[in-house]
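Please read through the structure below; I'll follow up with questions.
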Amino acid sequence: MSEEEDIQVDGGEEEDPEDPQEVLREKCGETKKCLALREKLDTCSERVSSKSKTSETCTEELFDFIHCIDHCAAKSLLKHLK
């Protein structure tokens, strides 16, 4: 899936449809760019949790991952809002 490609949400005829933002964020988290950032976050989390005393946090990695997901989802989200 390319970064510029719009991600589609199935707007089926369910009684209680899924939140398009949640669906888009989940799909965006599976893009190549966001997966790479998720891997960095996971690596950092493992490193931090393996140490008993550390001042290191994974805040930067978390923000980068969330930004990637939100940036991707924002491209398609407005199409699904009524």
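Placement of Cβ uses the backbone N, Cα and C atoms for every residue, glycine included.
Given the structure is predicted, the values throughout are model-derived calculations rather than measurements.
When I checked TrEMBL for this same protein, it listed these features:
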COMPBIAS  1-21  compositional bias 'Acidic residues'
DISULFID  CYS28-CYS72  disulfide bond
DISULFID  CYS44-CYS58  disulfide bond
DOMAIN    19-82  domain 'Ubiquinol-cytochrome C reductase hinge'
REGION    1-23  region 'Disordered'
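Give me the local environment of each listed feature.
Its Cβ placed at the centre, CYS72 (disulfide bond) has 24 other Cβ atoms within 10 Å.
A sphere of 10 angstroms centred on the C-beta of CYS58 (disulfide bond) encloses 19 other C-beta atoms.
Across the domain 'Ubiquinol-cytochrome C reductase hinge' (19-82), mean pLDDT in this model comes to 92.
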Could you give the Cα-Cα distance between CYS72 (disulfide bond) and CYS44 (disulfide bond), in whole Å?
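Cα-Cα distance, CYS72 (disulfide bond) to CYS44 (disulfide bond): 23 Å.
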So of CYS28, CYS44, which of the disulfide-bonded residues has the fewest other Cβ atoms within 10 Å around its own Cβ?
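Output over disulfide-bonded residues CYS28, CYS44: least Cβ neighbours within 10 Å is CYS44.
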Tell me, by DSSP, whether CYS44 (disulfide bond) is helix, strand or coil?
helix
Can you count helix, strand and coil residues in the domain 'Ubiquinol-cytochrome C reductase hinge' (19-82) using DSSP?
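Split by secondary structure, the domain 'Ubiquinol-cytochrome C reductase hinge' (19-82) comes out as 49 helix, 0 strand, 15 coil.
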